[in-house]
Amino acid sequence: MKIFFFIFAALILLAQIFQARTAIHRALICKRMEGHCEAECLTFEVKIGGCRAELTPYCCKKRKKD
């Protein structure tokens, strides 16, 4: 019975690690698009997609002046 709880805890930890990897991957994509992760974009920035699931959901990019 103790081994069951150990395996269950290990699976929860693995799930957390894989979520962190995808967040890092999304942040790298955002950086390649010359943006940055913020919860709210400034008035002169544009939302270009998701960055992380919970903490900072938006990737912002500065607008180009015409």
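Placement of Cβ uses the backbone N, Cα and C atoms for every residue, glycine included.
What Swiss-Prot lists as signal peptide is 1-22.
What Swiss-Prot lists as disulfide bond is Cys37-Cys51 (among others), and the listing cites similarity to another entry. Every protein chain shown contributes to the tally, and the Cβ of Cys37 (disulfide bond) ends up with 18 other Cβ atoms within 10 Å.
Taking a C-beta cut-off of under 8 angstroms and a sequence separation of 6 or more, Cys60 (disulfide bond) has the following same-chain neighbours: Gly35, His36, Cys37, Glu38, Cys41, Leu42, Glu45, Val46, Lys47, Ile48. Annotated disulfide bond per Swiss-Prot: Cys41-Cys60 (among others), in sequence order.
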